[in-house]
Amino acid sequence: MKSVIAVAAIAAVASAHEARSPLDLGLKVGNLVGVDLCLGLHVKLPAGISIKTDDCPTQGPPAGCIDVWHPPHHVPMDGCDDNDNDEWHYVHPCDCKPEAPHTWTTSTVTQTQVKTLISCAPTVTDCPAGPHVTTVVVPATTTICPVPVHSTTMATVPAGNTLPATVPATMPGTVPATMPGTVPGTMPGSGPGTVPAVVPGTAPGTLPATAPAVTQAPVWTKPANQSMPATQAPPPAITTPVVVAPSPATTPSKASSPAVVVLPPVGTGAPPTGNWTTPPVMAGAAQNSQKVGAVVAMGLIAALLI
């Protein structure tokens, strides 16, 4: 009978221990490390946390807790809602979630104490001469606490917004600079591969630039003592004077004026192209031509009469 009761008690203890297991409670604690240093108690610690003998539990987990030994925390950690406990404790499972993810960290704090010796007692034989500074280091204090986990977000830039690696350094060939009403001229110093100077308003989409002076055709000016005819007849193709003489069979009783063709002044030619002014016909040259024609006619008549 006693053996039956002992077996039943052992089974009850085992079942109670399994009921407090994190796997049976559906608790996701993460990586746990088993520790057997605490007076023969088998407890679990979160991964990365070490424990001293002074911090070990003295008994098993109470009702409603599991065998995961926790340092104090003030935010939900590993599914534990015992946030107000300032000592090591067993995990009290819950379905709560922290506002931000946290992880355990171990910090070590050391204190340094500085002492200054001004004088020594008479009994001190090896007293240093003058002030002496002695540094005393207090043993370090280790604290385990949760810290928030900062997630890193990578900022991506669309490929369509990327800029070209290099900018073309070459420019188009030269473009003749033109001005309204003038003959297109060649810019001084222009050549293949040079940047053209574009006159404002000559083509859309070009940048204005100052163009050098364009050489124009010479403009003929009218002399002050000559008149400008209304029209100018084109010069004939034949430049040799042609004299028309009367028939030798008939002898006129009275000298008649022969028909004389008036030629244009010598040296006149095709007008210049481009920006030019129509040159006038020289009145004096026409009169000289008429006089020459009259003298030639009179000479012919005199030869016939002789």
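These residue numbers are counts, starting from 1, taken along the chain as shown.
Cβ atoms here come from the backbone N, Cα and C positions, even for glycine.
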Given ranges 156-189, 224-257, the stretch to which Swiss-Prot attaches the annotation region 'Disordered': 224-257
Per-residue pLDDT averaged over the repeat '2' (174-181), given as an integer: 50
